[in-house]
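A.B. asks: My questions all concern the structure below.
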Amino acid sequence: MEETFVPFEGIKNDLKGRLMCYKQDWTGGIKAGFRILAPTTYIFFASAIPVISFGEQLERSTDGVLTAVQTLASTAICGIIHSIIGGQPLLILGVAEPTVIMYTFMFNFAKGRPELGRNLFLAWSGWVCVWTSLILFVLAICGACSFINRFTRVAGELFGLLIAMLFMQQAIKGLVDEFRAPAREDLKLVEFLPSWRFANGMFALVLSFGLLITALRSRKARSWRYGTGWLRSLVADYGVPLMVLVWTGVSYIPTGDVPKGIPRRLFSPNPWSPGAYENWTVVKEMLQVPIVYIIGAFIPATMIAVLYYFDHSVASQLAQQKEFNLRKPSSYHYDLLLLGFLTLMCGLLGIPPSNGVIPQSPMHTKSLATLKYQLLRNRLVATARKSIKQNASLGQLYGNMQDVYNQMQTPLVYQQPQGLKELRESTIQATTFTGNLDAPVDETLFDIEKEIDDLLPIEVKEQRVSNLLQAVMVGGCVAAMPLLKMIPTSVLWGYFAFMAIESLPGNQFWERILLLFTAPSRRFKVLEDNHATFVETVPFKTIAMFTIFQTTYLLTCFGLTWIPIAGVMFPLLIMFLIPVRQYILPRFFKSAHLQDLDAAEYEEAPALPFHLAVPEAEMGSTASYPCDSEILDEFITRSRGEFRHTCSPKVTSSTSTPVYNRNLSQVFSPRVIDLRGEMSPRLSGKGQNSPKPSPLNPSSSSK
């Protein structure tokens, strides 16, 4: 994205770039046919279940003023509008946890003011949305999105861990409430007797932990040893919503003398009931709000605008990572302007606004990368087999595949397609008799399936159809509210805990916290797997000090959310991290260390070679290669949807650049010694499972 602070310049450039490919955004999705339903269904479940959970949370926090009907309606309406006239169609919109927190603060404030009360809460929140939209308009017009690159890893990961803590807090709070009687229920009912409250709470623990454990296990289904590839992929992609259905079914097992209200279930009015559509006419009541509160609404509006500016921009950034090789232009400024209009519309309708969400946005891009991979792969395999039947040479075969690849690319005037990767020398030697591209292909040696996997670059099917369809499906959930009310609330608390835990892998802040609690004598185990590069390049004392600073800042933000009125200010602390990172931290940490600890990309160092490689013959000749979804899962973090970058060990300016050495695997960074504490038993050769020396003499075997 080109930085520009000229008013309207960024919006104009975004519109110009996206209008050039608007037609292809629709035709590309339509040409995909029924295949587009797979990523559509995948992202629908990833969007709908959290929104339903947030609706239950809002129902409890706002005394039933806002429910799942409103959160689903907001997600559907904003998603449909954005998919049609939005700039970046890969961006997924939805009601997010920060919005729920801000609306909870505003409701508690309005409830405690006689001039507002519960009745004028939605009218006052409408004024908050009016102010929020005006601030977003100003930010978009002035090109504030040009600062998106200033949001470094420090701010992003701290914000992600804060959201994870709030998710877990809500899960724990919800489970504790399962042992208590609800505030708005008749306490004389049999299900609210002490013995039945205890039974409800214990059953809630079973359902919550059951969903949590099985959902976490299903996410790793692609690495299971059992089942076919398509079955493991199905469980990995749709296992979480499937587990929601399974544990909802388990909740209906108790019968007989068990009261009807056990376990407690999702409460929300049906969309056609009288009380469900009162908020749609809230615009009529906005003039009843006292003028002092209309002006005062600017304060929470500023916090929400800052929050949306940060969250929406980062979600769009993660959906457009350079590793996805997107060919169509970005649209940060225009999308922020559109978000202002959507926020205004939601405020006037009396529903909570939606904004770009993480990790659904990068998940959407990843699912479309899988779709594009499948479409290209099928055509290239057919082309390769046809060329081999015609006794074509390897050069002709590669040229035919390149032609088919170019034919399947969307013709863009301003950008050429990337093209297939180059053939590897080992492929040429293995598949031809003479090592010449003009030689005929040896069909017995040329593995079409595997070789094409190596040639295909990562690409994304950039289109609008999947975003539109998933938003329409979310809207269909509003009509299915009688079915949604069959879900136990305890299952939703388990899902909150799942979202909190699932967001931790890939968060380097969390990984450093775990490193601090690792015994010094066991720190070497961190090096036995792929690990972040700072583990080898930054002294442990510096890592500890940096992590303690982040933890203190995180606890300050989390503690602020507990303060009734001042809690609305927590987004300012997140934004304040930008000047803190730029001007304050360099005074306490070396710039080289900060660059590694606050890297722009998720960089990984390879595992140190503590064990001998397993000979390929021992794996068997029928070993299957990982599918494209499994490969992408290994490369992308769960917390923010980032690509992991494997890089070589870094050297300081005071050391000479190392040249290739066959014994280089035995040379470690000086910082590795600090981490070890004591040498690994496997490395020293004294442990029970330490590798035995190879019987082959390297010098003789190479001759």
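For all residues, glycine too, the Cβ spot is worked out from N, Cα and C.
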A.B. asks: Hey, in Swiss-Prot are ARG153 and PRO263 both on the same membrane side?
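C.D. replies: Taking the topological domain names from Swiss-Prot at face value, ARG153 sits across the membrane from PRO263.
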A.B. asks: Flag the pair the transmembrane segment (338-358) / the transmembrane segment (558-578) as in contact if three or more Cβ pairs fall under 8 Å (sequence separation 6 or more).
C.D. replies: no
A.B. asks: How about long-range neighbours of the transmembrane segment (234-254): same chain, 6 or more residues beyond its ends, C-beta under 8 Å?
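C.D. replies: Same-chain contacts beyond the ends: 41-42, 45, 49, 203, 207, 210-211, 214-215, 217-222, 224, 227, 262-263, 265, 486-488, 490-491, 494-495, 498, 629, 633.
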A.B. asks: Pairs 6 or more apart in sequence, C-beta under 8 angstroms, 3 or more of them: is that satisfied by the transmembrane segment (36-56) and the transmembrane segment (558-578)?
C.D. replies: no
A.B. asks: Is it true that the transmembrane segment (481-501) and the transmembrane segment (76-96) have 3 or more CB pairs under 8 Å, sequence gap of 6 or more?
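C.D. replies: Counting Cβ pairs under 8 Å, fewer than 3, so no.
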A.B. asks: Output the single range from 76-96, 156-176, 196-216, 290-310 maximising the number of Cβ pairs under 8 Å to the transmembrane segment (558-578).
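C.D. replies: It is 290-310, which has the most Cβ pairs under 8 Å.
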A.B. asks: For the transmembrane segment (156-176), which partner among 76-96, 196-216, 290-310 gives the most CB pairs under 8 Å?
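C.D. replies: Per the Cβ under 8 Å count, 196-216.
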